[in-house]
Amino acid sequence: MAGGAAVTPAGRRQDYPGGLTLFVFMACMVAATGGLIFGYDIGISGGVTSMDPFLLRFFPSVYRKQAEAADGGNQYCKFDSQLLTLFTSSLYVAALVASLFAASVTRAAGRKWSMFYGGLTFLAGCVLNGAAMNVTMLILGRVLLGIGVGFANQSVPVYLSEMAPARMRGMLNNGFQLMITLGILFANLINYGTDRIAGGWGWRLSLALAAVPAAIITIGSVFLPDTPNSLLERGRPEEARRMLRRLRGTDDVSAEYDDLVAAGEASRAVSRPWRDILHRKHRPQLVMAVAIPLFQQLTGINVIMFYAPVLFKTLGFGGSASLMSAVITGLVNLASTLVSVFTVDRVGRRALLLEGGAQMLAGQVAVGALIGAKFGWSGVATIPAGYAAVVVVVMCAYVAGFAWSWGPLGWLVPSEVMPLEVRPAGQSITVAVNMLMTFAVAQAFLPMLCRLKFVLFFFFAACVVVMTLFVAFFLPETKGVPIEDMAGVWKAHWYWKRFVDDGEDADGRGDVEMGTVV
């Protein structure tokens, strides 16, 4: 029986001794750069697909549709091409598959090496895309990028949640989303610059420069320390105790270490985490691992972010103007993510998600109304400069709502609610669902825009209503709860307690609670 501090009925307890050390802060900053590769790709793909030289070389049919639309054709359908969307969304299928394999690597070798393999594979994809001579090379490069994204997105949020002190876990974990937004902004700025390069080869530079964030996470991960949770999981208790002392900046780590030992014993007892995560006692966490990333993509944010230049161009903005509009939304995204970083551990997860949901709902409805009023069903119209500015402002309000709520918290909440014994498997499910939904939305968006017109934005608004109600009724507050003590949160919840209160799985195995191994 392992000792440990008592857990209150709500799952809260006195915080462990120690605070945020420079060592933890630097480790989390380096690990969070794994978000740069994902963000850079989101920003860069939408930008290059709005560049005429890129379209003319690889997607000439889209280039011709664009020319027809410029002569008074249907604005809604000018980018409708399954081959073009396959270029964008092939990454997400590869990331989905890779994230499932990444769980085994993360558990067996540690979180840092999963980041390293992801960065290395992403580098290979950058080389292929920058040198692409045909669509096959482009898509093969995207597949390699996707494998890198799958490994990074599976391991980075888990690493950040395990390294951070409980009272600062939200802030440090949100560093991952902050890096995603930085990557998007850098990509939008680079696209704006490379689009002006004479000779029409700027798209190559845009794609190849993805090697810079890939190199940062690849090299940086080599120097990262292992988390105490991972060391215990791999049977290295003394190293785990030493690492915990260094992380917390104090020798008084007995309470936290005992809780980690209990979690580690549970983890080592689990030989098949993919089976165990299906047990009744893990039902709440499994639902969150599926529902939260699913809802995150049904906000429509990736439609806005990686198709922003295409979308603005569809709305009648010129090529450079559409890229500049994407830069503006990228700046708003970054600033609003910083709001979440500094407030999530004060106001809590639920408050941000509920407020963000209301703001996104208003934004989607307003965008749909503005586009519908101007283009109607025909899709034939010209947007005056003032009207275009209003569209950009409304989209920025929508992006802001996402960036301080579902953007960062869509990664934070699933990574912090999982018990150690199924944490890599749970995070893999989160990444897989996220990538599956990103692929589905990316593949379906342009055909749906062509067919549903402005009603598409009302569809996403309806999704926002559903996800906001889900948060209101089914997501408990996890602010300030050590991840080893998260079981108490579910036991205090009006709905989820029915799954965890009985203390046994369907196969008769007992629960493991912090402070006691039953």
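Along the chain as shown, residues are numbered 1 onward.
From the backbone N, Cα and C atoms, a Cβ is placed for every residue, glycine too.
A TrEMBL annotation is a machine prediction, not a hand-curated record.
So that you can see what the record holds, here are the features copied from TrEMBL:
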TRANSMEM  20-40  transmembrane segment
DOMAIN    27-479  domain 'Major facilitator superfamily (MFS) profile'
TRANSMEM  83-103  transmembrane segment
TRANSMEM  115-133  transmembrane segment
TRANSMEM  139-160  transmembrane segment
TRANSMEM  172-190  transmembrane segment
TRANSMEM  202-224  transmembrane segment
TRANSMEM  286-308  transmembrane segment
TRANSMEM  320-344  transmembrane segment
TRANSMEM  385-407  transmembrane segment
TRANSMEM  428-448  transmembrane segment
TRANSMEM  454-475  transmembrane segment
Should anything in the same chain at least six residues away from the transmembrane segment (83-103) have a Cβ under 8 Å from its Cβ atoms, list it; otherwise answer none.
41, 45-46, 49, 58-59, 62, 114, 118, 135, 138-139, 142-151, 153-155, 273-274, 306, 424-425, 427-428, 431-432, 435-436, 438-439, 442-443, 445-447
Contact ranking winner - 115-133, 139-160, 172-190, 428-448 against the transmembrane segment (20-40), Cβ under 8 Å:
172-190
How about the transmembrane segment (320-344) with the transmembrane segment (139-160) - do they touch, taking at least 3 C-beta pairs under 8 Å (6 or more apart in sequence) as contact?
no
Between the transmembrane segment (202-224) and the transmembrane segment (428-448), are there three or more C-beta pairs closer than 8 Å, counting only pairs 6 or more apart along the chain?
no
Folded-back contacts onto the transmembrane segment (115-133), same chain, C-beta under 8 angstroms, at least six residues removed:
31, 34, 37, 58, 98, 102, 105, 140-152, 155-156, 159, 204-205, 207-211, 214-219, 221-222, 224
Taking the transmembrane segment (385-407) as the reference, which of 139-160, 172-190, 428-448 gives the largest number of Cβ pairs under 8 angstroms?
172-190
